[in-house]
Structures are given as structure tokens and as C-alpha cells.
Amino acid sequence: MSVNGAVWGRVRSRFRAFPEHLAACGAEASAYGKCVQASTAPGGRLSKDLCVREFEALRSCFAAAAKKTMMGGS
């Protein structure tokens, strides 16, 4: 396999794992989504870093889920 093919193989495997990782972080994804939704509702004002706490919680959870998968855990 070419070097370029190996890179795309890793990218595809990460994309295939994305739904699993997201499912493992349902509460965090929901909290972030609710924050963004409330900020974009009529009268709401979405701005940078408005939902940063929720985003960081989701990012941390997602990274932990990805690491767990890479280590062979389920």
C-alpha cells in the first residue's frame, strides 16, 4: 500500500469510529447542543466562547473515548 493509501486508511478508520465515540459522550453532546441552541434561539446571541465549558467537556469525553478505543478497550 502506498504511503498516501495508508494515510487515507487511518482517516477512514477514524471516521468509522466517530459515531461510537460520540455515543459514549451523549450527556456532554446534549449539554453542548442545548447551549448552542439556546444561544441561537430568537433573541439569543451566539458568540465565541459562549459555550466553551460545554464544548471542553465534550472534547475531553470524546478524546477519552477515542483513547480507550485505541488502547483496545470497549
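Including glycine, each Cβ sits where the backbone N, Cα and C put it.
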Disulphide partner cysteine [Swiss-Prot] for C35, chosen from C51, C61: C51
Of 3-13, 25-35, the range Swiss-Prot labels motif 'Cx9C motif 1': 25-35
Distant-in-sequence neighbours of the motif 'Cx9C motif 2' (51-61), which means Cβ under 8 A and at least six residues beyond its ends: 24-25, 28-29, 31-32, 35-36, 39
